[in-house]
Amino acid sequence: MVHGHEKEQGKTLARTPEDSLQANDPDNPFNWSPTKKWSVTLVACYVTFIVGFNATALTAAVNETNAQFHISDASFPHSVWPVTAWNTGGALAPMVVLPIMEDYGTRPGYLITYFLFVIFVIPQAVAQNFATFIVCRFFAGCCGAVLQDAMDGIIADIWAEATQRSLPVSCYVFALLAGVSIGPVVGGAIMESLSWRWIFYTQLVIYGGSAPIVFLIFRETRCPIILSRRKKRNHQHPPELDDANPNTPNTAKHPIPLTALKAFLASNILRPLLLLTTEPVVASFTLLSALSYGLLFLATQSVPQVYAALYAFSEPSTGLIQASIVVGEVLGFLACASIGDPYFARASAGTARILGGPPQLPEVRLYLAIPASFIGLAGGLFVYGWTAYADVTFWAPAVGLLLVGFGSVVVMQAIMMYITDAYAKYAASASAAVCFGENMAAAFLPLASQSMYSNLRFHWASSLLAFVAVALSCAPVVLVWKGRAIREKSPFMREAMVG
């Protein structure tokens with residue numbers, strides 16, 4: 001979900017644009033008007049939302065695509081490969097593409113990626129064989145995930161204060177999750193009267209119609225790029241960028257390509273892997289966030305199994321049932337915006353109290369995630385599993401899905417903000433590790449749905465996931481309890497606190 005710039009100690013998420021633009025410079029994105037900031041933020045959120053349709057809408061037409069491409073799920077869930085391919089591309093591409101966008105500008109990279117994404121949707125609509133379809137799904141996932149994950153850097157570029165970033169991040173997380181959750185709903189509605197290819201034709205209409213909006217409103221947010229272009233307009237020689245820190249000008253020569261490659265691999269591949277394997281906080285939060293995100297994709301497979309077997313729902317109708325997840329995500333967003341974000345603002349200002357004393361930063365970010373993970377994720381899975389009986393109304397399991405949707409938004413927003421605050425200048429690497437885990441869970445967890453819900457049956461399959469959620473939900477509890485001690489023992493977080 002999140003990649004971005006490495007964060008300097010202080011209140012900025014990434015780096016201080018003052019290094020390249022003066023603090024009072026009107027071109028400095030931190031100084032943009034609220035209208036301009038929100039225009040760019042909301043357009044990027046909108047793109048994040050509609051891109052999610054492509055990831056999951058097809059799951060409402062599995063029977064039709066299986067017949068079209070002559071594949072069977074009898075021995076293996078081959079129909080899940082389109083989802084797996086999309087998310088596998090989404091796990092790999094951002095680690096390579098986003099750093100390049102940081103060096104050469106967010107706007108050109110964003111617009112080119114959007115164009116390529118639309119191009120790769122076209123063959124999905126007209127593909128005549130399964131191999132072509134899967135390859136195009138992979139590359140569409142590469143482009144789609146870059147568009148989604150670029151959101152973190154965009155927020156970093158234009159919102160300076162931690163309190164200012166809370167609502168934009170909540171909007172981003174909601175757009176990300178609601179987009180993939182509403183995909184089966186849109187697909188199910190289309191399948192009620194049209195063929196499966198219209199799922200992609202409809203997407204092409206949406207993406208094509210949205211292109212002028214994206215092109216006209218989306219602006220460059222990278223300060224070094226803005227400065228470089230301004231110097232070119234004024235016929236001045238733009239400063240070179242330091243490859244070790246592309247956010248600041250550098251008059252020295254660029255390092256030789258081998259050195260640059262080593263720095264690129266260390267920053268974007270090796271450091272996230274190191275954090276994932278040596279930092280318990282990153283490892284536990286990667287698992288919890290991966291479960292939260294993966295459950296939304298697992299639902300695209302388990303809901304048709306449960307509702308077709310127990311309630312004789314048609315495949316398109318099971319897609320519509322997943323609207324309950326979207327309702328839960330809306331409630332989760334409202335909880336973050338009306339409870340979590342204002343409380344963090346009061347805690348930052350020193351006016352909030354809990355148990356008679358001031359709350360501890362940045363652990364205050366996790367307060368709302370604790371009930372959301374235990375009640376939303378774990379509780380929702382238990383409800384989804386143990387109300388799945390033919391003589392119980394079909395609305396009962398849908399309530400469980402609603403709770404899962406609520407928990408996923410709150411938990412993932414809290415994890416994103418906590419890692420940003422706690423890991424400071426290493427936030428991008430920690431976030432990259434979490435993002436990789438999320439996409440891999442979304443890619444491969446749905447493959448387990450058919451065998452898990454067939455062998456364990458509906459009740460215990462969901463219960464198994466619920467028990468995993470209960471165990472992982474202890475992570476934010478431990479951090480709220482022992483957060484300061486854990487941060488002092490972590491070399492990465494300790495260095496982030498020092499500077």
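Don't overthink the numbers, they just go from 1 along the chain as shown.
A Cβ is built for glycine as well, from the same backbone N, Cα and C atoms used for every other residue.
Automatic, uncurated: that is what TrEMBL annotation is.
As recorded in TrEMBL, the features of this protein are as follows:
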- 1-29: region 'Disordered' (REGION)
- 1-10: compositional bias 'Basic and acidic residues' (COMPBIAS)
- 19-29: compositional bias 'Polar residues' (COMPBIAS)
- 38-60: transmembrane segment (TRANSMEM)
- 40-486: domain 'Major facilitator superfamily (MFS) profile' (DOMAIN)
- 80-101: transmembrane segment (TRANSMEM)
- 108-124: transmembrane segment (TRANSMEM)
- 167-186: transmembrane segment (TRANSMEM)
- 198-218: transmembrane segment (TRANSMEM)
- 230-249: region 'Disordered' (REGION)
- 281-300: transmembrane segment (TRANSMEM)
- 320-345: transmembrane segment (TRANSMEM)
- 366-388: transmembrane segment (TRANSMEM)
- 394-419: transmembrane segment (TRANSMEM)
- 426-448: transmembrane segment (TRANSMEM)
- 460-481: transmembrane segment (TRANSMEM)
Counting Cβ pairs under 8 Å that are 6 or more apart in sequence, does the total for the transmembrane segment (198-218) and the transmembrane segment (366-388) reach three or more? no
The transmembrane segment (460-481) vs the transmembrane segment (366-388): 3 or more CB pairs under 8 Å: yes
Most Cβ pairs under 8 Å with the transmembrane segment (38-60), selected from 80-101, 108-124, 167-186: 167-186
Across the domain 'Major facilitator superfamily (MFS) profile' (40-486), the model's average pLDDT, rounded to a whole number, is 89
Under 8 angstroms, Cβ to Cβ: which one of 80-101, 167-186, 281-300, 394-419 has the largest number of such pairs with the transmembrane segment (320-345)? 394-419
Would the transmembrane segment (281-300) and the transmembrane segment (108-124) count as touching if the test is at least 3 Cβ pairs under 8 Å, pairs 6 or more apart? no
Sort out for me which stretch, of 80-101, 108-124, 167-186, 394-419, has the most Cβ pairs below 8 angstroms to the transmembrane segment (426-448). 80-101
Which stretch from 80-101, 108-124, 394-419 shares the most C-beta pairs under 8 Å with the transmembrane segment (167-186)? 394-419
Report, as numbers and ranges, every residue of the chain located at least six residues beyond the transmembrane segment (108-124) whose Cβ falls under 8 Å of a Cβ in that stretch; write 'none' if there are none. 47, 51, 54, 97, 100-101, 132-133, 136-137, 139-140, 143-144, 146-147, 150, 200, 203-204, 207-208, 211, 214-215, 218
